[in-house]
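Note sheet for the following structure.
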Amino acid sequence: MEAPSLSAATPSAALLGAPETYSPTPGRGIGSAPGDAGLPGPEPPYSVFTVLVVTLLVLLIAATFLWNLLVLVTILRVRAFHRVPHNLVASTAVSDVLVAALVMPLSLMRELSAGRRWQLGRSLCHVWICFDVLCCTASIWNVAAIALDRYWTITHHLQYTLRTRRRASALMIALTWALSALIALAPLLFSWGEVYDAGLQRCQVSQEPSYAVFSTCGAFYLPLGVVLFVYWKIYKAAKFRFGRRRRRAVLPLPATVEVKETPHEAEMLFTARCQPAVTFQANGDFWREQKEKRAAMMVGILIGVFVLCWIPFFVTELISPLCACSLPPIWKSVFLWLGYSNSFFNPLIYTAFNKNYNDAFKSLFTRQR
């Protein structure tokens, strides 16, 4: 966050090249020579690096919004996607679209202001923080829901029927958004810390230590534990099932079949009737094995990217209020936008491993032409 020694009257247009006047109070000027702390000086214009970073962030926002919107439109227009697990994918896309449309643009505006100050007022600050926590938490829990659905599909595929799967997915989606809303609205409902400081023009998630523990555990560490445990179980179950199928495939024929003498006609009848069934079963097992491998790989990559994107931000969010310390603002910004980028990677991952989405995208654009 901002250094407390900066003047609260620093204009927000510092990065835009507007003049910035420092307070004449001794000790207020950071990095200024003795005797010139009260001298105003023009702020240099944007550097090439700043322009490049802002351009990349704008492109990230646009790509995140358009890609998740494309996934939503495809799910709505293709009837085959009106079922599990595509409803979980749709819930994830909704949360990621809201992150790109409502959260990331205002966050970029705050990054462009001097000292990362918030100049849009208290009310809009509360709205922005609520949507930030709500949508990011929902996106994280939707990843956990997709992992749980895949786990039950692989390990309990006989008991986890289509009807059960529909009910479970609907319940997970409802719990995801309810828990996310609770975490987002808790500071307002229970006066759990303050998110806006008018004097410093600061808008941030409540730094109350108890809320920091509650929000970080509920929004990240709990779903992180769920997805890591689930993927470990998926890996063990898949490894066991694939190994058992391979052992079954190389088993020799029973000795009774090899030495048993049968008439030629009976042998031909056995071959004609049983070989197609055996071949169909082998092909079906191979197809199911490849499908489960692809799904397990998709969940693994989804979880890995989720962890890499969000763990730096939530580690600092948990530690900073507890130790009353703070990272430099540049690193807080890097960690925050790294977490936002997870909303861009989510649709890329679960569509790259599903050929049906690629075919649906091509069909959608072909019809438009």
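Placed from the backbone N, Cα and C atoms, the Cβ positions cover glycine too.
No curator has checked TrEMBL annotations; they are predicted automatically.
Here the structure is a predicted model, which means the values were calculated and not measured.
Taken straight from TrEMBL:
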type	residues	note
TRANSMEM	48-76	transmembrane segment
DOMAIN	67-350	domain 'G-protein coupled receptors family 1 profile'
TRANSMEM	88-106	transmembrane segment
TRANSMEM	126-148	transmembrane segment
TRANSMEM	169-190	transmembrane segment
TRANSMEM	210-232	transmembrane segment
TRANSMEM	295-315	transmembrane segment
TRANSMEM	335-353	transmembrane segment
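Counted over residue pairs separated by six or more positions, the transmembrane segment (88-106) shares at least 3 Cβ pairs under 8 angstroms with the transmembrane segment (169-190), which defines the two as touching. Sequence-distant contacts of the transmembrane segment (335-353) (same chain, six or more residues past either end, CB-CB distance under 8 Å): 57, 60, 63-64, 67-68, 70-71, 89, 92-93, 95-96, 99-100, 103-104, 107, 136, 139, 143, 146, 294-295, 297-298, 301-302, 305-306, 309-310, 312-314, 316, 327, 361. Mean pLDDT of the predicted structure over the domain 'G-protein coupled receptors family 1 profile' (67-350): 83.
Beyond the transmembrane segment (48-76), the same-chain residues lying 6 or more positions past its ends with a Cβ under 8 Å from any Cβ of the stretch are 15, 82, 86, 89-90, 93-94, 96-97, 99-101, 104-105, 108, 111-112, 337, 340-341, 343-344, 346-348, 351, 357, 360-361, 364. Nonlocal intrachain contacts for the transmembrane segment (210-232), taken as residues 6+ away from its ends with a CB within less than 8 angstroms of a stretch CB, comprise 133, 136-137, 140-141, 143-144, 147-148, 150-151, 179-180, 182-183, 186-187, 192-193, 299-300, 303, 306-307, 310-311, 314, 317-318, 320-322.
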